[in-house]
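Engineer: Take a look at the following structure, please.
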Amino acid sequence: MQLQWHEKFKVLINNRWLVFVCAMWVQSCAGVGYLFGSISPVIKSAMGYDQRQVAFLAVAKDLGDSIGFVAGSLCEVLPIWVILLIGVVQNFVGYGLVWLVVAGVLPALPFWVLCLAIFVGTNGETYFNTAALVSCVQNFPKSRGPVVGILKGFAGLSGAILTQIYLMINFPNESSLIFMVAVGPTIVIIALMFIVRPVGGHRQVKPSDNSSFFFTYSVCLILAIYLLAVLVIEDLVNVSQAIITLFAVILILLILLPVIIPIRLVFFSGPRPPAEESLLSEAQKQEASKSEQDVNEIILSEVEDEKPPEVDSLPASERQKRIAHLQAKLFQAAAEGAVRRRKGPRRGEDFTLMQALRKADFWLIFFSLVLASGSGMAVIDNLGQICESLGYNDTTIYVSLISVWNFLGRVGGGYFSELVIRKYAFPRPVTMAVVQVIMAIGLFYATMGWPGEIYVLTVFIGLGYGAHWAIVPASASELFGLKSFGALYNFLTLASPVGSLIFSGVIASGIYDYYAELQAGLSHQNSEAMLAIPLRDDDLTCLGTICYSITFGILSGLCLVATVLSLIVVYRTKRVYANLYGNSRS
């Protein structure tokens with residue numbers, strides 16, 4: 001009996017569902033950058049910084065969160081546990097140094113040192129994200145959408161999760177939040193770093209996988225509703241420390257709940273039924289015939305390459321004869337080994353980053369992401385001032401709302417994109433085009449200044465922005481392969497800060513300052529008492545829908561342009577998705 005349990009424990013450690021659940025836990029503490037809004041006031045007051053210096057710290061944080069080339073490249077040559085360990089060291093050293101300075105343990109260091117420390121600490125996130133995504137996408141190659149959506153969703157919620165745990169511990173001073181950011185993820189990820197890894201998950205397909213994903217989605221939905229309720233209660237009611245502790249304990253139990261899935265599969269499932277044996281046998285047959293299908297696909301592609309341009313202008317019957325004749329010649333040449341493929345891989349095969357950068361589809365996805373995700377990030381970055389301009393004094397509830405909708409968008413985006421390709425074999429970027437239209441509608445609603453615009457904006461932007469980060473990584477892995485997925489994913493993450501830099505740093509702030517100065521000038525003209533008071537930049541505040549309505553209109557148009565780019569990708573990749581998922585339609 002003891003030997004049997006020992007064998008089952010070994011099976012558990014190598015179960016792909018355990019890897020997936022542990023990756024969720026890694027992601028639950030991997031988004032320390034989302035806590036910068038809570039950390040920055042502590043640094044500002046302790047170090048005596050002004051707002052401009054805090055803005056530079058935020059830039060360092062954003063750069064650290066976006067530059068993941070090293071993590072993506074190292075992931076191709078190093079074991080996953082080494083990738084996680086590098087991230088742990090960066091997180092611990094970076095934020096640990098910030099805590100030592102802010103807490104007064106070390107003397108004050110030059111400002112650039114703190115910028116560098118925050119950059120290094122936040123850059124550790126890219127290693128956590130890369131390790132979790134690469135491992136799970138390889139373990140669930142036929143469920144990439146749900147897997148990416150759930151993992152990215154937990155990363156988005158990590159800020160709220162860490163905040164609740166911090167409130168439960170009730171540290172004596174505010175600088176302890178930085179200490180928890182340095183130590184908390186370090187402990188969790190060191191405990192899990194030898195479990196999160198590729199384990200040949202494509203050989204562990206079970207008929208119960210659908211029910212396991214359903215259970216995971218249910219936990220995610222309950223978790224989002226619970227966190228939203230807790231945030232609202234803590235914002236409206238002065239709760240006691242005992243209640244805060246109870247909230248945090250329930251939250252931790254909800255996060256741990258998915259571990260039931262691998263435990264049930266390993267310890268409480270009976271012998272493999274005949275239906276499952278036939279399922280695995282069929283999967284092996286498909287795997288064995290894959291190379292033959294690949295050859296056929298190459299031949300069909302060569303037909304497109306070798307076909308003379310004048311063939312398209314021929315009558316349908318004649319054109320079909322010419323194409324059939326050319327195809328027969330190519331099959332004969334293939335049998336004789338005479339077909340020479342074009343240099344480099346084809347869509348659906350494994351690309352390196354440099355090879356992908358030479359493909360139009362990759363750049364279409366990137367620029368579509370710049371326009372749509374950058375628009376979403378611009379709204380999120382300016383949400384506090386948007387709320388103030390509309391007359392809302394307490395902005396924290398709306399920031400929390402958009403975070404929860406962002407989480408649901410990531411989880412839902414993965415689910416619905418998978419549904420679209422499984423049932424209809426449509427290319428996954430179709431769902432990206434749909435969520436970009438949703439974002440455009442929400443931004444247009446805000447442009448018009450219709451009632452409840454802040455609620456519509458938080459829902460539509462939160463859902464749309466979040467969905468992108470479930471759909472795009474899965475699409476990239478399908479079109480450009482899994483071999484260099486880490487590098488491809490980390491390059492695509494640059495789209496969001498690039499878009500935000502242009503749309504928020506130039507467009508939104510420029511329009512806001514223009515109307516703020518205009519309102520300040522009118523206020524000076526209408527009040528003689530203020531004529532003697534010089535206008536300062538700190539006094540510039542814009543009020544009313546005019547502050548952001550033009551920006552919303554521009555961003556709405558950009559989301560529609562992004563939709564067009566996504567639809568072009570859909571048209572160009574429909575054959576790839578038909579080959580990948582054509583047999584999965586029910």
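Keep in mind that glycine also has a Cβ here, set from the backbone N, Cα and C atoms.
So TrEMBL lists the following for this protein:
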type	residues	note
DOMAIN	16-263	domain 'Nodulin-like'
TRANSMEM	17-37	transmembrane segment
TRANSMEM	67-89	transmembrane segment
TRANSMEM	95-120	transmembrane segment
TRANSMEM	177-200	transmembrane segment
TRANSMEM	212-233	transmembrane segment
TRANSMEM	239-263	transmembrane segment
DOMAIN	354-577	domain 'NFD4 C-terminal'
TRANSMEM	362-380	transmembrane segment
TRANSMEM	395-417	transmembrane segment
TRANSMEM	429-448	transmembrane segment
TRANSMEM	454-476	transmembrane segment
TRANSMEM	488-512	transmembrane segment
TRANSMEM	548-571	transmembrane segment
Engineer: Do the transmembrane segment (239-263) and the transmembrane segment (17-37) come close, with at least three CB pairs under 8 A (pairs 6 or more apart in sequence)?
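Structural biologist: As far as Cβ distances go (cut-off 8 Å, pairs 6 or more apart), the transmembrane segment (239-263) and the transmembrane segment (17-37) touch.
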Engineer: Need a quick answer: max count of Cβ pairs under 8 Å to the transmembrane segment (177-200), which of 17-37, 95-120, 395-417, 454-476 is it?
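Structural biologist: Stretch with maximum Cβ contacts: 17-37.
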Engineer: In the same chain, who gets a Cβ under 8 Å from the transmembrane segment (17-37) while lying at least 6 residues past its ends?
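Structural biologist: Hits for the transmembrane segment (17-37): 57-58, 61-62, 64-65, 84, 91, 95, 121-122, 124-125, 128-129, 131-133, 135-136, 139-140, 147, 150-152, 154-163, 177, 181, 184-185, 188-189, 192, 195-197, 199, 201, 212, 255, 258-259, 261-262, 265, 399, 403.
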Engineer: Name the range, of those listed as 67-89, 362-380, 454-476, 488-512, that has the largest tally of Cβ pairs under 8 Å with the transmembrane segment (548-571).
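Structural biologist: Between the stretches 67-89, 362-380, 454-476, 488-512, 362-380 has the largest tally.
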Engineer: So, taking each listed stretch (67-89, 429-448, 454-476, 488-512) in turn and counting its Cβ pairs to the transmembrane segment (362-380) that are under 8 angstroms, which one gives the highest count?
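Structural biologist: By Cβ pairs under 8 Å, 488-512 leads among 67-89, 429-448, 454-476, 488-512.
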Engineer: Compare 67-89, 429-448, 488-512 by their Cβ pairs under 8 Å to the transmembrane segment (454-476) and return the stretch that comes out on top.
Structural biologist: 429-448
Engineer: Give residue numbers and ranges for long-range contacts of the transmembrane segment (488-512): same chain, 6 or more residues beyond its ends, CB-CB under 8 A.
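Structural biologist: Cβ under 8 Å, 6 or more out: 62-63, 65-69, 71-72, 126, 129-130, 133, 351, 353, 356-357, 362, 365-367, 369-378, 381-382, 385, 389, 472-473, 476-477, 480, 542, 547-548, 550-551, 554-555, 558.
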Engineer: For the transmembrane segment (429-448), give me same-chain residues lying six or more residues beyond its boundaries with a C-beta closer than 8 angstroms to one of its C-beta atoms, as numbers and ranges.
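Structural biologist: Residues 365, 368, 372, 375-376, 379, 409, 413, 416-417, 420, 454, 456-457, 459-461, 463-465, 467-468, 471-472, 475, 548-550, 552-553, 555-557, 559-560, 562-563, 566-567, 569-570, 573 contact the transmembrane segment (429-448) from elsewhere in the chain.
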